[in-house]
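Asks: If you scroll down you'll find the structure; I have some questions about it.
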Amino acid sequence: MIPLRLLFSTSYNPWFNLSLEEYIFKNMDQNQTILFLWRNQNTIVIGRSQNAWKECNTRRMNRDGVKLARRHSGGGAVFHDLGNTCFTFMSTQKNYNKNVSFKIILDGLNSLNISAKISGRNDLIINTNQGDRKISGSAYRQVSDRQLHHGTLLLNVDINKLSYYLNPDSKKLKSKGITSVNSRIINLNTLHANITHDLVCNQLKTAFFNYYQTTVESEIISIKNFNHIKDFSKQFNKQRSWQWNFGNTPSFSHYLDNRFNWGSVELHFDISHGMINRSHIFTDSLNPEPLEELSKKLIGISYNAVTIQHCCQEWTKNWPQFQELQEVTHWLITNVT
């Protein structure tokens, strides 16, 4: 048994990287510590108990091909691109805690003349002329005899995309999930113009080896290393599923209203586990029957654009004489997801 492992992922797929993290965490040897370094391309990663619709602009994400990935730890929503270095420390050693991994990260940054410090429970900050700025957020998880500490380092993240996709629509959502805390952030390339993912990984590797006073061969991991492993495939299929990423959302309500030329419509949704379990429509239309039927048809379907659009298409077939129903369909699809 090797007491240390150092892993690098060649994949930018968040579902693969989070599946790999979870698979290794569950199957690692006793008295072992692992550092896993990875990146995701254009992804929003949300905490285990967060509401995807509340945290993210899901319509923009769907249109632009930005992935949603729900992790197994708690905490808030984060935007990932290739300007982000992701780290995961996993250990089954009895004396391990996240202060160990924080020290390794801080030592690695210090070797680049970047002086950072811990803020609160899970953040790293640096002091600037504008005050303290966040460069890293992380989450900690402990299960039985093993611990996991993972997070991000902001090297050269596209700040515009971060605010574009993490800024939720002005939907009237009431959620029981955890809401992300907006923090003032800064990219490390403002302090170190030549900083790169490879450079940071190399410094973290050195700090990792120095802390444990030993070295090991790095392991370069790609999807092809794991696609034949049944347990991993099961984890990967779960990680990328709609049910895990959206269906695990805590219960919430959604209210919509609009004024059409022919009347006003108010729509109230209750959503649980990603499914619409209550729907009620109020209208002053002179022909309320079609809308009343739609309200009933929406109950029991999943809360996503494809199923809602299909439901509306079937609904309008029953009322071909009412052209205004096409307006309702377009409004609903545009505003719900």
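Each position is counted from 1, following the chain as shown.
Placement of Cβ uses the backbone N, Cα and C atoms for every residue, glycine included.
Sharing the features that Swiss-Prot gives for it:
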- 29-216: domain 'BPL/LPL catalytic' (DOMAIN)
- R71, G76, A77, V78, F79, K134: ATP binding site (BINDING)
- K134: (R)-lipoate binding site (BINDING)
Asks: Restricting to the record's ATP-binding residues (R71, G76, A77, V78, F79, K134), give me the longest CA-CA distance in Å as a whole number.
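Replies: So the maximum pairwise Cα distance among the ATP binders is 21 Å.
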Asks: Got a sec? Which of these binding-site residues, A77, V78, has the most Cβ atoms within 10 Å?
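Replies: The largest 10 Å Cβ neighbour count belongs to V78.
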Asks: If you count other C-beta atoms within 10 angstroms, which of the binding-site residues R71, K134 is the most crowded?
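Replies: Counting every other Cβ within 10 Å of each candidate, the maximum falls on R71.
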Asks: Inside 10 Å of the Cβ of F79 (ATP binding site), count up the other Cβ atoms and send me the figure.
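Replies: 24, counting other Cβ atoms within 10 Å of F79 (ATP binding site).
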Asks: Mean pLDDT, the domain 'BPL/LPL catalytic' (29-216)?
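Replies: Mean pLDDT for the domain 'BPL/LPL catalytic' (29-216): 90.
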Asks: Please classify the secondary structure at A77 (ATP binding site) using three-state DSSP.
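Replies: Going by the DSSP assignment, A77 (ATP binding site) belongs to neither helix nor strand, so it counts as coil.
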